[in-house]
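**Q** Annotation source Swiss-Prot lists ATP binding site at Gly116, Thr117, Asn118, Gly119, Lys120, Thr121, Thr122. Sequence annotations record features per position, and here Swiss-Prot assigns meso-2,6-diaminopimelate binding site to Arg390, Asp414, Asn415, Pro416, Arg417, Gly465, Glu469. According to Swiss-Prot, the feature N6-carboxylysine maps to Lys225, an assignment based on experimental evidence. Residues annotated as motif 'Meso-diaminopimelate recognition motif' in Swiss-Prot: 414-417.
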Amino acid sequence: MADRNLRDLLAPWVPDAPSRALREMTLDSRVAAAGDLFVAVVGHQADGRRYIPQAIAQGVAAIIAEAKDEATDGEIREMHGVPVIYLSQLNERLSALAGRFYHEPSDNLRLVGVTGTNGKTTTTQLLAQWSQLLGEISAVMGTVGNGLLGKVIPTENTTGSAVDVQHELAGLVDQGATFCAMEVSSHGLVQHRVAALKFAASVFTNLSRDHLDYHGDMEHYEAAKWLLYSEHHCGQAIINADDEVGRRWLAKLPDAVAVSMEDHINPNCHGRWLKATEVNYHDSGATIRFSSSWGDGEIESHLMGAFNVSNLLLALATLLALGYPLADLLKTAARLQPVCGRMEVFTAPGKPTVVVDYAHTPDALEKALQAARLHCAGKLWCVFGCGGDRDKGKRPLMGAIAEEFADVAVVTDDNPRTEEPRAIINDILAGMLDAGHAKVMEGRAEAVTCAVMQAKENDVVLVAGKGHEDYQIVGNQRLDYSDRVTVARLLGVIA
């Protein structure tokens, strides 16, 4: 199928499909070009079948479209000389179609999927860094972007469309990648975007409140994440046993690797396991001692906080389960670097320590504050806000958490989008017992500046919510803004 022929592509579903050479595959009629395959899916916001005439006018070689019903599944028509093949449940089949089109890229590298509410980005980055230190050519796909390590290109979504995912993976294979760590979002799982991928391993970090504007409740959110293990080729399963949901899943996955730093593992009950036996936190990270089915060891980590110890242990267990030698992993562990915008520490002589993190859920904010407290000799400041046009229920929860775990809470804008910024702030303040003690400042840059300039040398300022992002969405505008750049400028250092 090197020439990407329509007949070969559709062989499993439509044996009598016509022969047509295909150049590229796209869901977007606006970029469809001569020789392309246009796939007209019915999406949440638009029906791609409406754009078939536009695609034909632009010279596409063939079209695959959503069938009206089961009776028309496999039907072949011709419009202006262009074959149009109708398939039912096209969204569900799209990952498999794209996989065949791009020559099954997940067969040609070690692909690790990481799902969970928090920790996906750090865990994928650690997996990619560590495997590369052991000789792989490693890549990442997720929130920060897609690409080989050091050459990551920013993306809009954690998990792209089913076609985008297979296309990106194929590009990575073409660049020589032998290992890829991919963030797998709940949206991506529900919408079948990774349905046909063959994961060598699948990692579950944790589950807490997020995306309830989409899933409705925690039960449906958990069910979405569980799809990675119940409906996908998940390979080795690595599960965080410190998470309540993780413990439930371990009971259903007897062959999974259980990982804990809170003594939630009984070695006599789990087939394979890894647990921290002692963790000592210090200014530059933590010293971690652990025992496991593969042996015991000690790691010096440059990452801040308990949840990053958990992320590191999950990455370690995954690589051990995939067959990388423990001795080699221990030799290279000290070379692992913190991830951009994930508990990223900025320091300067005579200035407070500033930590920039992506925490934008109640659980993530609590863990980030607890992590920062471990390294704080003075007062702990928290600068944060909540996104507009998103789950409003988490706003008072995050206000309560900031009030409880920080000494000084500075409430500001995040990405207000089309909501009134002050209304979002008021929702946050409603969760505080004494909102009068919070500092309120709508302009995010001004709020960060206020906190950093007023904090003392022994204080720690956590700037939470945006992490690696270099933009702010106000109304329908995407404005240039970066917490990292703002903090670096205030401290006189390089971001």
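Note: Cβ is positioned from N, Cα and C throughout, glycine not excepted.
Model, not experiment: these values are computed from the prediction.
Tell me about the surroundings of these features in the structure.
**A** Sequence-distant contacts (6 or more apart, same chain, Cβ under 8 Å) of Gly119 (ATP binding site) comprise Thr205, Asn206, Phe307, Ser310, Asn311, Leu314.
Sequence-distant neighbours of Asp414 (meso-2,6-diaminopimelate binding site) (same chain, six or more apart, CB under 8 Å from its CB) are His360, Phe384, Gly385, Cys386, Gly387, Gly388, Ile424, Arg444, Gly465, Lys466, Gln472, listed in sequence order.
Within 10 Å of the C-beta of Lys225 (N6-carboxylysine) we count 24 further C-beta atoms, all protein chains included. DSSP assigns Lys225 (N6-carboxylysine) to a helix.
Within the chain carrying the motif 'Meso-diaminopimelate recognition motif' (414-417), a Cβ under 8 angstroms from the stretch's Cβ atoms is held by residues 360, 384-390, 424, 444, 465-466, 472-476, all 6 or more beyond its ends.
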**Q** Fewest other Cβ atoms within 10 Å: which of the binding-site residues Thr117, Thr121, Thr122, Asn415 wins that one? Let me know.
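**A** Candidates: the binding-site residues Thr117, Thr121, Thr122, Asn415. Fewest Cβ atoms within 10 Å: Thr117.
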**Q** Cβ within 8 angstroms of the Cβ centroid of Gly116, Thr117, Asn118, Gly119, Lys120, Thr121, Thr122: which residues besides those meet this for the ATP site?
**A** Val114, Thr123, Glu183, Thr205, Asn206, Asn311
**Q** As a test of the contact definition, list every same-chain residue at least 6 positions from Arg417 (meso-2,6-diaminopimelate binding site) whose Cβ is closer than 8 Å to its Cβ.
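**A** Listed in sequence order, they are Gly387, Gly388, Asp389, Arg390, Ile473, Val474, Gly475, Asn476.
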**Q** Checking the binding-site residues Thr117, Thr121, Thr122, Pro416, which are within 10 Å of Lys225 (N6-carboxylysine) at the Cα level?
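**A** Within 10 Å of Lys225 (N6-carboxylysine): Thr117.
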**Q** In sequence order, which residues at least six apart in the same chain have a CB under 8 Å from the CB of Asn118 (ATP binding site)?
**A** Thr205, Asn206, Ser208, Phe307, Ala359, Thr361, Asp363, Ala364, Lys367
